[in-house]
Structure formats: C-alpha cells, structure tokens
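Per Swiss-Prot, the features are:
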BINDING   16, 37, 46, 57, 63, 110  FAD binding site
SITE      327  site 'Transition state stabilizer'
C-alpha cells in the first residue's frame, strides 16, 4: 500500500547548513519543508560549543552568509575574529529575519531515516516515535558535532564537575577550583587559555604538543569596519574563487626559493599579523606539500615556544614532534599560559593517565592530581560521526554504518550511492575550507539539483558507484600530494581509537570543487542514476 508523503523535504540540522537549506527549498523552490534539531534553538555546532574562549579562526566578516546583503551591512563587527556568542546571535538574526524557525521542530532528535524504495520516500522517525515521510532528505548534521568522549578507566566515578567542551552548561564557575583539561587540540588550546586566569589551579593533560600561532584578534576601528562593509562583494567573491575561502593571499612562493633571512622575516610578519591559515598558506606556497619547507615552519614555531616559555623543561614538553600538517591552530596566548604559577603541564604520552578516581587523576608514575573539575577537550568523531551513529538505511535496508565500515565515501561530499534523494551538507570528502562558503556552495547545488528533479519529472537521483569511487580516489590522490596524511590528525580520523585512518576531505580547494559541481550539473548530472517518476508516486507539491 502506497504511503502518504507528508513533506517534500525533511532537513536535519539547525546550523549554517540546515538554515540555508530550509530557506532555499521552502522560500525559493516553494517546497513543503520540515526541519528538526535536537537543540532548543538554532545555531547547530555553535549552539553546543559554549565553552570559555570559543572563537572562530575565520575573520568575522567572512564567517557568515553572502546572500543576505542587508544583514551583512548591519552586522556588528567589533574584533577581527568572532566569538561563539556572536555566531549564535548572528544565526538567530538570520532565522528571525527569514522566519525559518516556523519550519523547525526543536528539542527533537531524529532517531532513524529509512528509504522506502516502493514509494520512493524517506521515512523519518524522531526520538518520540513520530513518523514523517518526504521525497528528499537533507542532512546538515555538522562536521564537528559528534562528541568524542575519552575512554579512560574510572571516568564515570569522578564526583567533581565533569564537562565536555561540546556540551558546555551555563554558569560554570572556576573560582577557587582545581581544574584539569584533557586535550590540547584547537578546542583545548582555547579553553586552556581562557580558564587559566580564572581557576585556582589548572592542570593540562597533553597527549600531543601542538603548533599554534597567535590569532591576532585585534579590535577593529570604525574605519576598518567601514572598509570591510564597502568591500563585502569583493571579499566574498574572493572566497568563492580561492582554494581556502579565507580571502587571504594564498602564496605560490616556495619557501626555499628565498634566503634564510627573508624566510624568517616572512614568518615573523605572519606571526605578528596572526591567524593559523594565514601562517600556513599566506607565507609560502609549499609548507603543506614540501618537507623541507614544512621543517622551516616547524623550526620557526619551535623557536617561538622556546622564547615565550620561561621554563626550558616545560618548553621542551610543548615542542611538537609531528609535522606541521594538521588543521592550523591559532591562539590568544596559549604558550604564555604555561608561565603562570597556577598552571601545570602533564605529558600523558610519557606519563599516561592510569585511572580517574572520585577526586582526581592517577598517573603511571604514581602521581595523583586532585581536581574539583575535569574538562574533556577531546574533540569530535568528525565528519561521519553523526552519520554512523544515526540509523540511516538506504536501498535494500543498507545501513550507512555498514556501508561506511571501511571508511566513508561520497560523490562530491553531497551524495552517496545506495541512498537516493539524500543530500549531505559537509558530508565526507567535501571541501576543506572556511565552512560558510562551502556550505553555501553545497546547499545551492542541492537546491538546483532538487529543482531539476521537480522540473524533469524525476522520481529519484542517486550517485553511481563509479562516480563515488572515482571522487573518493580523487580525494585520496590529492591528499597524497600533501603532507597532511603523514600527521596524526582528526582530519584523517586519527583522534578516534579504532577508526580507520583515511581521507575525509577534498583538499583541492573551493574554486576547483565548485567547478566540479558545476560541471556535473551542466552535463545533465553526469555520475548520477536518474529514475523518472512513476504514475503511482506522489510528486512534490510544486510539480
């Protein structure tokens, strides 16, 4: 018996991707859309990540949508980089201005999404058991939104305050407390720097030392802000037509083509200017691809660590042993933090955590660190984490967690073979860039594709196995041209025990990605299996 179609499209997620998908499909294609988010409000990843020090590493005026020119002009810009509360405020403004919340059911986690081949519908079930159907499923589940909780003996018996940075409660006080932080990645660097001046004592449990450069989060003058707003179109166009979408001068100069003195001067200027992506990509064009160039960048940052950190033994612990080939970090005084009398650094690679007890952390050498609060800045099961945790089933009941057992695959980071009419925003093997421009690019491609299916009486559209395999191999080939796979990083899944170390991003840049997506569309969706509408199948509302 044929099922009733409740909606044309169901959108999962209330962040940058989900909000824009709702707007495009509902307001421009005039489809009947229902969206869900487990949070109480919009903002996606930024709704959950409320830890102290939360900050983008993208300049404020570029961490936004390009399509709402009016809102761009009214945007309150105070500093070069935008803090978490201001990201939430901005997305609230977008949602309210465009009345997007009326399409959302908040406080509602989607438990399962199953594809019904007989009716060519997605059947979505919420945590409350409510069931809905739709022709199209858009998953904007978040790149960094599936928390990675450390698997440490005894962690659940800790009787002090235990927090993961991605599930941060309101009104946490550090006053008079002995605080421990596990993790020194991008989140750890931010929270450590913010908490150190507030806590009675802070112990940092470091597994891997990190390369980090100053963020340079300077206040902006009225003249600076006016210049930014007068040049929005140029800056945002620059993003869309660049590799990284950060509107920076992506260098093509080889590091070893200049003298040692000039190289040091270029690095020093970047250090003083601030910004992780600027340091890695605006200084020289081969830091991420040439070992000799990479070592020069490593040595410069290590020299800065030695200059900044007063205790040579602590400075040595903070010296990274890996390549400078992870997502580049930046900070607001991270290395200086270890000059404070109330901060202790524990190298848990050399002296592992044995157990967490009711009141602290026991180390292998017998030391015991008493704590009132333990913060897990241990990151995320990134990119595919939320997909394999959700019950998503495609054709023939194929579970996505099984299909991706040996590592995720996709066509352009948007579609997956065996999962017709399902479109991902920031899915595996999408572009590695400043995220809002990539999100816009993908959502617009998804919207155009759905419009094509409606106008051409298409029942289902699905990436072919060949196109998916070719794209995944392309991503792997490009990654192998860089040094990134040689470093232990979350961008290849190395932060999750047991997770296959594989490619999770397209490293060819946003400009080339947009060209690939455009070529696919302009060549009648080459790489897709397209099935025309059957007479007994209900069509979308505006068909």
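Every residue, even glycine, has its Cβ placed from backbone N, Cα and C.
Features as recorded by Swiss-Prot, highlighted on the structure.
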residue	record	contacts (Cβ under 8 Å, 6+ apart)
16	FAD binding site	44, 65, 91, 140, 435, 436, 439
37	FAD binding site	12, 13, 14, 18, 44, 104, 105, 106, 108
46	FAD binding site	15, 54, 84, 87, 88, 91
57	FAD binding site	81, 186, 215, 275, 276, 277, 328, 329, 330
63	FAD binding site	56, 82, 87, 434, 436
110	FAD binding site	12, 36, 38, 124, 125, 126, 127, 390
327	site 'Transition state stabilizer'	186, 276, 489, 490, 491
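Following the DSSP three-state reduction, the secondary structure of residue 16 (FAD binding site) is helix. Here FAD is bound by 16, 37, 46, 57, 63, 110 per the record. The longest Cα to Cα distance in that group is 30 Å. According to DSSP, residue 37 (FAD binding site) is assigned to coil rather than to any helix or strand.
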